[in-house]
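Chemist: Below is one structure. I have some questions about it.
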Amino acid sequence: MAAQARTEELNKLAVQDAGVKPDAPAASNGNVKDEEGDDSEDDAEEAAPAAGTGAAKKKKKRKPKKKKKNPTQQSDPPRVLVSQLFPDKKYPKGEEVEYVNENRYRTTNEEKRHLDNLKSEWLNDYRHGAEVHRQARQWAQKTIKPGMALTDIANGIEDAVRALVGHQGLEEGDALIAGMGFPTGLSINHCAAHYTPNAGNKMVLQEDDVLKVDFGVHVNGNIVDSAFTMAWNPRYDPLLEAVKAATNAGVKEAGIDARLGEIGGVIQEVMESYEVEINGTTYPVKCIRNLNGHTILPYSIHGTKSVPIVKTNDQTKMEEGDVFAIETFGSTGQGVVHEDGEVSHYAKRGDANKVDLRLSSAKSLLNVINKNFGTLPFCRRYLDRLGQEKYLLGLNSLVSNGIVEDYPPLVDKKGSYTAQFEHTILIRPTVKEVISRGDDY
């Protein structure tokens, strides 16, 4: 999920190529018990009616129990618990990359390995969420086609995620154990981020659209944030290739002691080496300079550090224990986004002051948010799903009082095209783990 750069930060950018340029609830086990059920048994014994004197009771042979096997592959659509596919509850590792130079020693250092082992449950939760993300998105990649309604696409991805973690999120607190880390973003063409359909949305995906798919999965508040872009017209391939290459360059540069401003410079150099021809006009691919990567905290998608995607003078370093979302955005437009359109994304602020709310609808809605989302982002469809009605006045009151933050869609100029790719990386004591890496990207 995109982090928007503050306006004052933009003035400090030292762009190399000028151009036109939550209150977190107590964690509980996110692994769901396998719903295997008890095997049915035949009656052990059935007495035959007596025939004459001293008739012996006949015993019916007991049939051997058939052990129910764990499923070995995912269904279509995805509905098999990932914990059933991995009955030992040891989930696949992401891409592990050893540190280099002065941090090379960490890979084999006993003290660092001990620190790694102390966080084994945390790491397994992240790997669990990452495997759910991979399975849900790979299903989405083969399923999403032009002609589909955006609402159906979003619901399909979110239904898959909830089924794979085994938490439907309809009971109080259930969505805080595991489920959606934030709503499914389905931003099209010049819209770069923070768009998901609200109720009644009739938008249909078109053959010539460029679609960004950005969604999060969490287990016990540990959020995996990853995104990809789809296009059906091959003329957009260079745009997608530029952004994917830039994201991979940022992931490669990331690590302990890496300076955030320098990572932005590497991302920009790769991204802006591409161009794309559309309808006979050649456009340079520009970094969207006011969108950033970011750290991820428990139950909070946007942490305290930002990763620019252009060169800056930011000397902040990545540190052991950080979790980063490395995301890049490329555009054929101005390379700057602004807020525009109907809001769908919201999140309760973790630093919100206590406010004496006057509207009863705002008080009631805040109670619902606290019990079902905490500080995890949510959208209007999630409130609809919980049976909330006529909540907009209360929601707007929470926003105006600084309790809930809204995230309007972020757009470049109309007629332009934007793309996004994103990975979550764990800065572990021993290695860097690209936790969301898959065979797809």
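Using N, Cα and C of the backbone, Cβ positions are placed for all residues, glycine too.
Pulled these from TrEMBL:
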- H194, H302: substrate binding site (BINDING)
- D214, D225, E422: divalent metal cation 1 binding site (BINDING)
- D225, H294, E327, E422: divalent metal cation 2 binding site (BINDING)
- 1-11: compositional bias 'Basic and acidic residues' (COMPBIAS)
- 35-46: compositional bias 'Acidic residues' (COMPBIAS)
- 56-70: compositional bias 'Basic residues' (COMPBIAS)
- 126-427: domain 'Peptidase M24' (DOMAIN)
- 1-95: region 'Disordered' (REGION)
Chemist: Show me the subset of H194, H294, H302 whose Cα is within 10 Å of E422 (divalent metal cation 1 binding site); these are the binding-site residues I mean.
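Modeler: Neighbours among binding-site residues: none.
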Chemist: In the predicted model, what is the mean pLDDT computed over the domain 'Peptidase M24' (126-427)?
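Modeler: The average pLDDT of the model in the domain 'Peptidase M24' (126-427) works out to 98.
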Chemist: By a simple count, how many Cβ atoms lie within 10 Å of the Cβ of H302 (substrate binding site), its own Cβ left out?
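Modeler: Taking all protein chains shown, H302 (substrate binding site) has 23 Cβ neighbours within 10 Å.
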Chemist: Near E327 (divalent metal cation 2 binding site) in space, meaning Cα within 10 angstroms, which of the binding-site residues do we find among H194, D225, H302?
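Modeler: Neighbours among binding-site residues, in sequence order: D225.
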Chemist: Going by Cα-Cα distance, pick out whichever of the binding-site residues H194, D214, D225, H302 is nearest to H294 (divalent metal cation 2 binding site).
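Modeler: Among H194, D214, D225, H302, H302.
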Chemist: 10 Å Cβ neighbour count around H194 (substrate binding site)?
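Modeler: Within a 10 Å radius of the Cβ of H194 (substrate binding site) lie 27 other Cβ atoms.
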Chemist: What is the separation, in Å, between the Cα atoms of D214 (divalent metal cation 1 binding site) and H302 (substrate binding site)?
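Modeler: Computed Cα spacing between D214 (divalent metal cation 1 binding site) and H302 (substrate binding site) is 14 Å.
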Chemist: For D225 (divalent metal cation 1 binding site), what residues in its own chain, 6 or more apart in sequence, show a Cβ-Cβ distance under 8 Å?
Modeler: M1, G181, F182, D214, G216, I296, I301, A325, E327, E422, T424, S436
Chemist: List the residues in the vicinity of the divalent metal cation 2 site, defined as same-chain residues other than D225, H294, E327, E422 with C-beta within 8 angstroms of the site's C-beta centre.
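Modeler: Sorted by sequence, the hits are M1, A2, A3, D214, S226, A227, G293, I296, F324, A325, I326, H423, T424.
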Chemist: Given the binding-site residues D214, H294, E327, E422, and counting only Cβ atoms in the protein chains shown, which has the most within 10 Å of its Cβ?
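Modeler: The most densely surrounded of these binding-site residues is E327.
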